[in-house]
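Pulled from TrEMBL, these are the features on record:
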- 33-55: transmembrane segment (TRANSMEM)
- 48-299: domain 'G-protein coupled receptors family 1 profile' (DOMAIN)
- 67-85: transmembrane segment (TRANSMEM)
- 105-127: transmembrane segment (TRANSMEM)
- 147-171: transmembrane segment (TRANSMEM)
- 207-232: transmembrane segment (TRANSMEM)
- 244-267: transmembrane segment (TRANSMEM)
- 279-301: transmembrane segment (TRANSMEM)
Amino acid sequence: MTHSLMLPSRNISSHATFFILLGIPGLENYQFWVAFPFCVMYIVAVTGNITILHIIRIDHTLHGPMYLFLAMLATTDLILSSSTQPKMLAILWFHDHKIEYHACLIQVFFIHAFSSVESGVLMAMALDRYVAICFPLRHSSILTTSVVIKLGAAVMVRGLLWVSPFCFMISRMPFCPNKVIPQSYCEHMAVLKLVCADIRINRGYGLFVAFSVASFDIIVISLSYVMILKAVLRLPSGEARLKAFGTCASHIGVILTLYIPALFTFLTHRFGHHVPRVVHIMFANVYLLVPPMLNPIIYGVRTKQIRDRVIQGCCGKGL
């Protein structure tokens, strides 16, 4: 009897049917125009990554380790950007703020699982560059197709297994009457804040996953590039050193573009209560859109074989 009287007083809904995504709070009067650069970036991301996948698929000379990892990265970028951007554009342009409960949980899963996969693929690509530069004669024997597939599978399984409990735990928790998520997509902590229950276990698990994935990948990437730079500095040709430094700098730039906004968004949700919401939301959008847009340019256009294929295709169409 007492229990039945307590539930109405707290207005807890055991299963939410939908949530409301606000978009970009603080820029309500400008959201229509802000959507245009987001749309352009999304189109560039989709076009660039599909082009990379198509070129690697049709050219059998591009089936080496670096290109297989690049294909994994392009696939991950397509999934990551497409899981959020169409809905975000619908919010900003057509005021379609409602998102169904299960669609929201699916978005949470895809965002976090494939952010982990992207981080893992970048780590694998750093290892590939390390082996290629430091052990050039043994590269093909160390990173065989079988090893590349196993690395890719391990990265994928890690993302799926680590993130799946997010959705499982949230789906079993009661929600408060407030269904408003003050951003443009469903993210784990944003959804968790709507739960009317003790969320310490969820928060702790989220911290564990974020820091275990990021710290492991960053350590491996950092060690790989330290060894690469040591090998580059031993090159006799100044031109060769400059070219290698340029390649490393561009790759590190892409890695930082992923990690800095991701960590900023993650930490702001938990500790950055004084960070302006509009800054938080813009960073949250950046880390899901800018890397998928930049990766085809940095890893694709700067790779001679892919660049030649793109130019050949464009010239062929021109003729």
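The backbone N, Cα and C atoms fix where each Cβ goes, glycine too.
On a predicted model such as this, the values are computed, not experimentally measured, just so you know.
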* **Contact yes or no, the transmembrane segment (244-267) and the transmembrane segment (67-85), 3+ Cβ pairs under 8 Å, gap 6+** => no
* Contacting positions for the transmembrane segment (147-171) when only residues 6+ beyond its ends and CB under 8 Å are counted -> 65, 68-69, 72, 105-106, 108-109, 112-117, 120-121, 123-124, 127, 188, 191-192, 195, 201-202, 205-206, 209, 212-213
* At an 8 Å Cβ cut-off, counting only pairs 6 or more apart in sequence, do the transmembrane segment (67-85) and the transmembrane segment (207-232) clear the bar of 3 or more pairs? -> no
* Local confidence of the domain 'G-protein coupled receptors family 1 profile' (48-299) - pLDDT mean -> 88
* Asked: Where else in the chain does the transmembrane segment (279-301) make close Cβ contacts, counting only residues six or more beyond its ends and a cut-off under 8 Å?
  -> 24-26, 38, 41-42, 44-45, 48-49, 51-52, 70, 73-74, 77-78, 80-81, 84-85, 88, 111, 115, 118, 125, 182-185, 187, 250-251, 253-254, 257-258, 260-262, 264-265, 268-269, 272, 307, 310
* Asked: Other than its close neighbours in sequence, what residues sit by the transmembrane segment (207-232), given a CB gap under 8 Å and a spacing of at least six beyond its ends?
  -> 112, 116, 119-120, 122-123, 126-127, 129-130, 133-134, 158, 162-163, 166, 241, 244-245, 248, 251-252, 255, 259, 262-263, 266, 270
